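The structure appears right after this line, and notes come after that.
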Amino acid sequence: MEQLNIMSLRFPKRYLIVLLTFISTNVCYIERMGFSIAYTVAADAIGVDQSSKGLILSTFYYGYVVSQVPGGWAAQRLGGRRVLLMSFVLWSSTCALVPLDPSKVSILVLARLLVGVAQGFIFPSIHTVLAQWVPPHERSRSVSLTTSGMYLGAAGGMLLLPSLVKYKGPQSVFVVEAALGAIWSILWFKCASDPPRSDHPKAMAAGFGESLLPKTRLKDKMRVQNGGNSLNATKIPWKRIIFSLPVWAIVVNNFTFHYALYVLMNWLPTYFELGLQLSLQEMGSSKMLPYLNMFIFSNIGGVAADHLITRRILSVTKTRKLLNTVGFIIAAFALMALPYFRTSAGTVFCSSLSLGFLALGRAGFAVNHLDVAPRYAGIVMGVSNTAGTLAGIVGVGLTGSILEAAKTANLDLSSSESWRSVFFVPGYLCIFSSVIFLIFATGERIFE
């Protein structure tokens, strides 16, 4: 028993929680990348047209965008731990039960909508869990590590899943994704728990103070003692959240981050093939470098932010603004320089630099959910992630319109002039968003 206590002191429970949330985002992005790869191969094999492929591939995001705010509400009411588990069980079951048959469009549309809705609950739930478990001086690196799982999952999926499809067929990807989701669900069910409450003597003795958990009013404590639920009894301050300028600073930067990310994810392959006249197969593993760079820089940003805060070098507010500004400004210049590079090496360098520093900037705006509203972190995350998902829909569509306009104007898509606006728009958005964050953001707790 004594040895077990020593081990628990060396590896606190909150570290296990953070590790499991990191794995969860990794698995989610393997699923997203895997479906795109497997469906594209299966659809091309039977001659599905591009518009139908686009419908199926985009359906996920429509389900994803509508469940962000409800996901935050559900995590607030039911608890992030439970909602996260239900989300994983739902999308994993869908992957396991639905056959990958491109000819059955209606079934695939419903399945991708369901997966999108289920995964839309994940990030609000994760932020609710981290707000409860992680102390302020560890929040930056905890959130950065958790979100960096997305980029590692995307990189790993892009590197490994094409071979799986080639040797085992497209349906094998669904089987692997469902298995990964099921394994994670079992681990989460067995290992995760709600945090100890700060108003319990044992929780205080374990080192969990007021900073770890939402503040509990005397009236709510009475309800808890009488068997009630303080979360259900607490009214969510929707009006204050919607009209809060610091919240809008987070929302604007989340929109810009995902606009740039989704434009590069969806249109960079086209830039290589049409703009540079290069085949993606010729690039080998170099096409995954931007995502690996995001994984590295995301964690660098988290460690740097916690160091600046813990050592009292900068306040929380100044730390968030510094990292957000450095990340977004450098990303802006890298994005605007990208169309002037006419080689694969130069393009990979600029895209890696831009995505890497955007990931660094997440130690600013993305962690800020937990600073301003630890009690309602899931709600605020749901609001801002709705904007982020809409950014992907708007950005990908607008980029297509820009390129179509270039073709109408008889511009050659192999010229840098045709692609300038594609990369300048997210570049300008990065500059604008960093200014908004500098003016309106705060690292102080504004929702009690």
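Glycine too: its Cβ is placed from the backbone N, Cα and C atoms.
Keep in mind that TrEMBL annotations are predicted by a computer and have not been checked by a curator.
When TrEMBL is compared with the stretches 54-78, 79-103, 379-403, the one noted as transmembrane segment is 379-403. When each of 12-30, 143-165, 245-268, 322-340 is scored by its Cβ pairs under 8 Å to the transmembrane segment (106-131), the top-ranked stretch turns out to be 12-30. Among residues of the same chain six or more beyond the transmembrane segment (423-443), those with a C-beta under 8 A of the stretch's C-beta atoms are 245-246, 248-250, 252-253, 255-256, 259-260, 263, 315-321, 324-325, 328-329, 331-333, 335-336, 338-339, 358, 364-365, 368, 371-372, 395, 398, 402. Listed stretches 12-30, 143-165, 322-340, 346-367, 379-403 were compared with the transmembrane segment (245-268); the greatest number of C-beta pairs under 8 angstroms is found for 379-403.
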